[in-house]
Amino acid sequence: MKQINACGVLLAVWFIFGSLSSVQGDLKIGFYDESCPQAEKIISEYVKKHIPHAPTLAAPLLRMHFHDCFVRGCDASLLLNSSSQQAEKDAIPNKTLRGFDFIDRIKSLLEKECPGIVSCADILSLVARDAVVTIGGPTWKVPTGRRDGTVSNKTEALQDIPAPNMNFSQLITSFGKKGLDLNDLVWLSGAHTIGIGHCNAFSKRLYNFTGKFDQDPSIDPFYAANLKKYKCKSLSDNTTFVEMDPGSFLTFDNDYYKNLLKRRGLFTSDAALITNATAKAGVTTLANSSDSVFFTVFAISMEKMNRIEVKTGSEGEIRKHCALVN
């Protein structure tokens, strides 16, 4: 797995960013220019109108895109409702997602504008980008032309979505299966600069780390004490939520990496990033750099991620309703 060390991050950015801007497969910038020329404008304007009134929705929309791409590729299979089998959205990692109705409303607008043309997979990819931009985060290129999958399986979601309790080796394996490397792991984890986590996703670190009612020694004791006192007051709490980036969970910035170096990563998967020397060097580089550096490398990995196992051409379908196959 080819990696870029921390010292080479900035030197490599220009080359990688330029190479990713080219067309890959049947995806291309402006895919709908002729078939539905107002498509991207309709999506962007809807996001810009509504996200400022609901800024906490940006994080789950970004997470939705991430979770979708990790299961059967970026094909909007996450959006499908359960039918004869339980769908991805019913898997535990997706139970806390919000924003399905947001996607549905945009799809409805596009169906009125140009019926049967714009895929739910492209909508999800564009909405994730536009939501992040609207709250002041980075932008990235989203070539379009994805088609929608027709299969959604709860078991596959449980198997393929990286879990918050994964260690570094498990994370590298999970990302590697999708063609993502160590750098992508470090850079995409920066999405945790916004949003929340529920206590049941990490409380074992506070109360029963090894099964002996102990605390994870890798977590900052002061941070852990505050979580226990003010947030997750018991191991059984499965409703309380915690900011993943305390103090700036609505701001897309590099504070997430600064907190990791203070041993204040919320999940085991966050803390794992400083258990490997190369990954820690990357974290340190971003923690000590400007937000613009983080924005640039995050965009690189998002462009890479939104191409995972895409369906194009005659594959899949263009759903009329994102929650249902045609």
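Cβ coordinates are placed from backbone N, Cα and C, and glycine is handled just like the others.
Noted in TrEMBL for the protein shown:
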| type | residues | note |
| --- | --- | --- |
| SIGNAL | 1-25 | signal peptide |
| DOMAIN | 26-326 | domain 'Plant heme peroxidase family profile' |
| DISULFID | Cys36-Cys114 | disulfide bond |
| SITE | Arg63 | site 'Transition state stabilizer' |
| ACT_SITE | His67 | active site, proton acceptor |
| BINDING | Asp68, Val71, Gly73, Asp75, Ser77, Glu88 | Ca(2+) 1 binding site |
| DISULFID | Cys69-Cys74 | disulfide bond |
| DISULFID | Cys120-Cys322 | disulfide bond |
| BINDING | Pro162 | substrate binding site |
| BINDING | His192 | heme b binding site |
| BINDING | Thr193, Asp245, Asp253 | Ca(2+) 2 binding site |
| DISULFID | Cys199-Cys232 | disulfide bond |
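Counting other Cβ atoms within 10 Å of each Cβ, the lowest count among the disulfide-bonded residues Cys69, Cys114, Cys199, Cys322 belongs to Cys114. For the recorded positions Cys36, His67, Cys69, Cys74, Pro162, a Cα-Cα cutoff of 10 angstroms around Glu88 (Ca(2+) 1 binding site) retains His67. Within 10 Å of its Cβ, the residue among the binding-site residues Asp68, Asp75, Glu88, Asp245, Asp253 with the fewest other Cβ atoms is Asp253. A simple Cβ count within 10 Å picks out one of the binding-site residues Ser77, Thr193 as the most packed, and that one is Ser77. Distance noted between the C-alpha atoms of Pro162 (substrate binding site) and Ser77 (Ca(2+) 1 binding site) is 17 Å. Using Cα positions, the member of the recorded positions Cys36, Arg63, Cys74, Asp75, Cys199 nearest to Asp253 (Ca(2+) 2 binding site) is identified as Arg63. You'll find the Cα of Cys74 (disulfide bond) roughly 6 Å from the Cα of Asp68 (Ca(2+) 1 binding site). Counting only the Cα atoms, the space from Asp75 (Ca(2+) 1 binding site) to Cys232 (disulfide bond) is about 36 angstrom. Cβ neighbours within 10 Å of Val71 (Ca(2+) 1 binding site), excluding its own Cβ and spanning all shown chains: 29. Proximity to Cys322 (disulfide bond), judged by a C-alpha distance within 10 Å, picks out Ser77 from the recorded positions Asp68, Cys69, Val71, Ser77, Thr193.
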